[in-house]
Amino acid sequence: MDWDDWDDSAPDTAAAAAGAAERLVDAGADGDDQAVEAALRPKNLGEFVGQERVREQLDLVLRAARQRGATADHVLLSGAPGLGKTTLSMIIAAEMAAPIRITSGPAIQHAGDLAAILSSLTEGEVLFLDEIHRMSRPAEEMLYMAMEDFRVDVIVGKGPGATAIPLELPPFTLVGATTRAGLLPPPLRDRFGFTAHMEFYGPAELERVLHRSARLLEVEIEPAGAAEIAGRSRGTPRIANRLLRRVRDYAQVKADGVITREIAESALGVYEVDGRGLDRLDRAVLGALLKLFGGGPVGLSTLAVAVGEERETVEEVAEPFLVREGLLARTPRGRVATPAAWEHLGLRPPGQDTGGSAQQGLFGV
Ligand SMILES: Nc1ncnc2c1ncn2[C@@H]1O[C@H](COP(=O)(O)OP(=O)(O)OP(=O)(O)O)[C@@H](O)[C@H]1O
Ligand SMILES: [Mg+2]
């Protein structure tokens, strides 16, 4: 999958955000996550699970820089929320034994904000710029020169009397993170020496993440229990860690604390996260599409009304994962369910019944 086409970003609209609120399977970090994530973050490349290609490439980049006694090239990390971009930025600093400064695109609205940060960097420091696609234009242009020539022009004064005073910067490593690499202007993208495209994690990798986290949280988890949680984690370590915490609660209250397959299954049943990682909202959208509209095509607005949600919530919160899972397709004529969707909800497409009620798929269940 090409990351430039990827659009399952944090919802931009208030309506979508409201729909995503308190979703157990949302890939964004909530307050609770932020508190525990620091403890669960791998500290070096060796501990970082999966992303083999990115890890190998990054290892080379960092190792070579270390051998030369130089500052590492600028690195761009692109990928969906919760795949480990912030984690990797900290690992880069740790591997280079360099201090790290953390800021984000939305925090830098004026070029002056950026100039202040850049001019206070020390040699070799890592500057982590999260959500780099949300930086303002003037700041972005200042960043071009800083990245390339380790220099910024500080504008002093206003109007015709304004002068640009060039300021030398110590060499530093910019680590940019973005969920929307496609939104980065090419001149900015081109100034990174290395771009890491983070992929969704496979089940085996998520199991390793879960075993590691369980060890750190001092929870006993059986391999089958980890497999059960991994399958529902949407390819995302952050979700895996969150589900693990909920299952741990359940295991502690309802059983002896050990996470077995049965415990994981019952716990995630309580939280309405199904075997494929769909939650109540996802299943409502899919269910309406199948049961009320015979699998589509149906327009987004109609579908939204049918499930009692805002358009934006359906489009930005539920659909991206359904599309990624091959359960729903967006077509010019509207939303269409795939055969896998019928199968997942245990329904039969209309007209495919042998005998019995031909309407069963439509109105039956
Ligand atoms: N490869 C990995 N191995 C182990 N744990 C991981 C890995 N990647 C991510 N995690 C876990 O997932 C959590 C989320 O990762 P992180 O905060 O780095 O994601 P992110 O890509 O920065 O997300 P966002 O786009 O929301 O900022 C971390 O706390 C970390 O514990
Ligand atoms: Mg992050």
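Positions of Cβ are set from backbone N, Cα and C atoms, glycine also.
Here the structure is a predicted model, which means the values were calculated and not measured.
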Do you know which of Arg63, Arg232, Arg234, Arg238 TrEMBL groups with Leu40, Arg41, Gly82, Lys85, Thr86, Thr87, Glu148, Asp149, Phe150, Arg191, Tyr201 in the ATP site?
Arg238
Nearest to Tyr201 (ATP binding site) by Cα distance: which of the binding-site residues Arg311, Arg330, Arg335 is it?
Arg330
Can you tell which of Phe150, Tyr201 has the most other C-beta atoms within 10 Å, given these are the binding-site residues?
Tyr201
Other Cβ atoms within 10 Å is the metric here; tell me which of the binding-site residues Arg311, Arg330, Arg335 scores highest.
Arg335
In whole Å, could you give the widest CA to CA gap in the DNA site formed by Arg311, Arg330, Arg335?
14
